[in-house]
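Peer 1: Sharing a structure with you now.
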Amino acid sequence: MLKRIIKKSVIAILTIYAIITISFLMVRFMPGDPLMHLVGQDRYYELLQDSPAELERIAQRYGLNDTLWDQYIHYMQSTVTLDFGIAYSNNQPVLDNVLYRAGWTLLLSVPTFIIGGLLGAVLGTIAGWKLGGTFDKVLTPVLLFLNTVPANCIGILFLVVFAFKLGWFPVNGMTSGGLSGLSKTADILWHGALPLTLLILFRTAGNFLLMKSNVSQIRDEEFITTAYSKGLSDNKVLFRHVVKNATLPFVTSLCMQLGGLLSGSMLIEVIFGWKGMGELFYSAVNTRDFPTAQLCFIISAVCIVAGNLLSDILIAAIDPRIKEGKFEY
Amino acid sequence: MSTEKMAKRAGTKKTKMNAAMIWGAAIVGVFVLVAVLAPVLAPYDPYKMGIPYIKPSAEHLLGTNDVGQDLLSELIYGTRISLFIGIFTSIIVTVVSLTLSLLSGYYKGAIDKAVTAITNITMGLPDLALTILLIAYLNPGKLSVIISISLTAWTGTARILRSRVLQLCEMPFIKIEQAIGMNDFIIMIKHIVPNLKDIILSRAALSVSAAMMTEAGLSFLGLGDFGAKSWGTILHYAFYQNGVIRNYYWWYLPPILCTSLAVLGFMLLGYYGAQKAKLVKNA
């Protein structure tokens with residue numbers, strides 16, 4: 001058990017290392033001057049015009065004149081010490097910018113994770129338990145459709161109907177400004193209502209399909225027949241045997257969703273002007289602000305790896321088959 | 001041999017389509033037809049400019065956009081690009097994951113370890129973010145879009161196929177082939193691949209829908225191929241040139257419907273196809 005956790009942790013660390021290396025190589029081997037990627041396109045041409053000396057100084061700072069290997073060492077050092085440089089958009093450290101935005105993204109994604117997880121589990125259990133019943137027949141196509149449609153498509157429809165036509169919700173942004181305390185919280189909630197609803201819908205749809213297939217599979221297992229033949233009631237079979245077993249794979253996949261907390265809502269953020277990390281990443285890519293885009297990328301990747309690791313550990317902790325080393329996932 | 005034939009026969013029986021798959025096939029069929037017949041069906045040249053913001057009328061069935069291009073023609077030609085990128089990506093994804101899974105499932109050992117490691121690393125990458133980074137910094141074009149999407153999209157299929165190949169390799173008919181000294185390559189192509197057919201087809205259909213969804217998102221963000229007009233590109237202009245705010249429904253609604261329908265079509269084929277192949281979605 002402990003051996004397994006250590007092994008998985010080592011693999012996770014190696015994966016993160018590989019990802020950081022990939023993002024280093026990406027800047028150096030992309031078409032175009034790497035310096036341009038590092039300082040941002042607009043800034044690059046501006047400096048090229050006004051002060052090539054400054055540009056040269058930045059090249060020195062990033063060590064672009066050194067050998068690739070020295071650059072790599074330097075890059076790794078600054079990554080480990082969390083020194084990602086200064087963003088040219090507002091002269092703040094890139095790390096501060098990204099972390100500030102990440103907070104706003106979490107404001108959307110944490111409730112999505114919790115509510116979407118619960119709703120998906122409950123609805124999925126009902127549909128899977130009464131497979132082919134009315135509830136299943138009505139809900140499955142609807143949620144399958146929701147799970148299918150691109151986020152930006154439904155996002156725009158929501159925007160048109162609820163913000164423009166009905167005027168119930170603001171079109172854009174996160175706060176109206178000038179408020180404090182409770183009214184500010186309410187205001188943020190009001191601004192976040194549309195993107196949040198959408199994200200919860202999508203997440204519920206995904207989780208629903210997952211839970212439904214888990215439950216419906218377990219329902220047909222032999223030990224369920226045994227449970228019935230012992231004379232257990234429907235409810236007891238459902239809660240003691242079916243739900244308990246169906247929850248295990250569900251929880252592990254929830255852990256994997258934890259990894260997407262920061263990177264999963266980009267399109268929705270862009271459409272609703274929610275200044276979260278996804279939106280920051282998008283605008284960083286658009287303005288060719290590579291350090292910011294790179295940091296967003298690395299942070300999202302670390303989250304995903306951590307989520308996967310967590311699900312690996314959890315599955316080992318709760319599944320006795322793996323605990324005893326009899327069963328390899 | 002007879003075991004294999006039986007397995008094969010069972011496989012062909014399973015592919016009989018259910019109602020959902022027929023719907024999916026019908027939707028996909030219509031879109032493919034539109035894509036092929038685009039020059040015949042489109043009433044105007046999608047790039048020809050004219051009077052902007054015309055409402056749907058007899059002359060322009062779906063009206064015109066901000067520079068007066070006929071939206072119906074744009075939509076019809078857009079079918080070509082959206083489908084092309086979706087299907088082409090799916091082909092790459094399927095071929096790559098099939099090759100990797102055959103190698104790792106059949107030869108096991110070091111190759112399997114290496115492939116599994118690569119798969120795990122790729123699964124740790126934030127896929128949409130990586131795709132966007134690549135597209136933004138590579139030279140713009142359809143090919144970059146396809147490569148960038150494929151780069152992270154193959155892992156799911158590869159995992160499923162690998163575990164199936166591992167199972168198949170334990171079956172008697174493969175063991176017998178190996179015992180009589182049949183060439184590895186021939187065993188894989190003639191005996192393993194046919195038994196993976198159902199999974200491959202359903203996963204391929206799902207890959208098309210996933211790729212089309214990613215492409216729709218990318219070109220909506222203005223990151224796709226600038227020259228080509230996919231459905232996402234039409235939506236991009238509708239959103240950023242105030243078509244949505246002014247509620248020019250004929251501008252933003254059709255691309256949304258087309259994207260959703262096409263994705264749904266492939267999804268129905270794949271999802272219910274997977275159920276037929278006794279393959280649960282997240283297995």
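For all residues, glycine too, the Cβ spot is worked out from N, Cα and C.
Annotation comment: TrEMBL describes B:79-270 as domain 'ABC transmembrane type-1'. Residues or ranges marked as transmembrane segment by TrEMBL: B:20-42, B:81-103, B:115-137, B:143-161, B:249-272.
In the displayed structure, how are the listed features positioned relative to their neighbours?
Peer 2: Note on the transmembrane segment (B:20-42): residues 70, 72-73, 76-77, 79-80, 83-84, 205, 258, 261-262, 264-273, 276 of its chain, located 6 or more positions outside it, place their CB under 8 angstroms from a CB of the stretch.
The list of residues near the transmembrane segment (B:143-161) in space but at least 6 beyond its ends in sequence, with Cβ under 8 angstroms from a Cβ of it, reads 85, 88-89, 92-94, 96-98, 100-102, 105, 115, 119, 122-123, 125, 127, 130-131, 134-135, 196, 199-200, 203-204, 207, 210-211, 214-215, 218, 224-225, 279, 283.
Counting residues 6+ beyond its ends, the transmembrane segment (B:249-272) has Cβ neighbours under 8 Å at 18, 20-21, 23-28, 31, 55-56, 62-63, 65, 71-72, 75, 78-79, 82-83, 86, 202-209, 212-213, 216, 231-232, 234-235, 238-239, 243, 281 in the same chain.
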Peer 1: Residue list, the transmembrane segment (B:115-137) vs rest of chain: Cβ under 8 Å, 6 or more residues beyond ends.
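Peer 2: For the transmembrane segment (B:115-137), the list is 100-101, 103-104, 144-145, 147-149, 151-155, 158-159, 162, 214, 217-218, 221, 223-224.
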